[in-house]
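The structure appears below as structure tokens.
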Amino acid sequence: MLFHAAEKTGHHFTIGAAGVDVFFVISGFIMWVISDRRSVTPVEFIADRARRIVPVYWLATGVMVAGALAGLFPNLVLTLEHVLASLFFVPARSPSSGEIWPVLVQGWTLNFEMLFYAVFAGSLFMPRNWRLPVVSGLFLALVIAGRVVAFDDAVMLTYTRPVILEFVAGMIIGEFWLKGRVPPLAVGSALFACSLGGFALIGVLGLPFDELTTGPLAVLLVIGVLSLEANGCVRALSLPGLLGDASYSIYLWHTFAISVVAKAGLAIGLGAPATMFAAVLSGTLIGIAAYMMLERPLLRRGRARRVTAGLAGRAAE
């Protein structure tokens, strides 16, 4: 969000985009750990992810489409093919820019997540000790194919990027976590500090800003934070907990608020630092509001339906 707020208000916070790399590592970690602690079938896994991800994303995409049709987003070019590809998480080139982006631009990360979900769900058919090697081998093969073959197709260009290995790294970290093999506090603190310093040096040294530089740093950051948590240095606080719960809604909706605030700040002559602060605050607040009024009620309704269906099924037996 800081990256988008800085971009819209004339600042530079390119390194903020590296949050995606951290997110992919965490995604692999969470899927691996949760699947080990709670038995779930491939169908149940996919259904659970779809219930969480799809409805709110479709709603946010619908708002973008409606806004474009109403003339609120003059730079957004719509085609039926691109809208459908966006809704069904198929990587496709945007008619607006030629980039491989969905209608809701930040949704490009969900295109990767859907690959992760599909492959991970498939791995649940296998014995546990096969899963990590098979997923790792598949993703490594895809990356090698991307280096060897000059793909032009948007799907293959997306799914052969080295960034997918960050998900595998998260799974590997999760396996070490489950075995209790976490770095001691001194090592974890050093890894955490090195990762933050490394992110800062990317801009200072003019290093390439891609997953080959940000990916390893994201891995170090996650390992460092896990070490801090395992050693009791991370406390559970209500505000960070709320932001974590609302993170998906913040991710989906923050750009709407940031765009409005950036334009308003420019119109009234508000200074760039104040505009950026207001943009970040508004993006956070709209995400929390969307979580409380949209995402959380939808999730609760879905859980209630599953409980009702389960009770009805047992009664029928």
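Glycine is no exception: its Cβ is also placed from the backbone N, Cα and C atoms.
Residues or ranges marked as transmembrane segment in Swiss-Prot: 14-34 (among others).
Taken from Swiss-Prot, the feature transmembrane segment applies to 53-73 (among others).
Feature annotation from Swiss-Prot assigns transmembrane segment to 100-120 (among others); the stated evidence is sequence analysis. When Cβ-Cβ distances below 8 Å are used as the criterion, the transmembrane segment (100-120) is approached by residues 4, 20, 23-24, 27-28, 31, 35, 45-46, 49, 53, 57, 60-61, 64-65, 68, 76, 78, 82-83, 85-86, 89-94, 135, 138-139, 154, 157-159, 163-164, 167, 251-252, 255 of the same chain, each at least six residues removed from its ends.
Annotation comment: Swiss-Prot describes 132-152 (among others) as transmembrane segment.
Per Swiss-Prot, transmembrane segment is recorded for 185-205 (among others).
Marked as transmembrane segment by Swiss-Prot: 206-226 (among others). Long-range Cβ contacts of the transmembrane segment (206-226) within its own chain (Cβ-Cβ under 8 Å, at least 6 residues beyond either end) map to 14-15, 17-18, 21-22, 24-26, 29, 161-163, 165-166, 169-170, 173, 177, 182-183, 188-196, 198-199, 234.
Here Swiss-Prot flags 268-288 (among others) as transmembrane segment, drawing on sequence analysis.
Between the transmembrane segment (185-205) and the transmembrane segment (14-34), the number of CB pairs under 8 angstroms, six or more residues apart, is three or more, so the stretches are in contact.
Beyond the transmembrane segment (14-34), the same-chain residues lying 6 or more positions past its ends with a Cβ under 8 Å from any Cβ of the stretch are 1-4, 6, 109, 112-113, 116, 120, 132, 163-164, 166-175, 177-178, 199-200, 202-203, 209, 211, 214-215, 217-219, 221-222.
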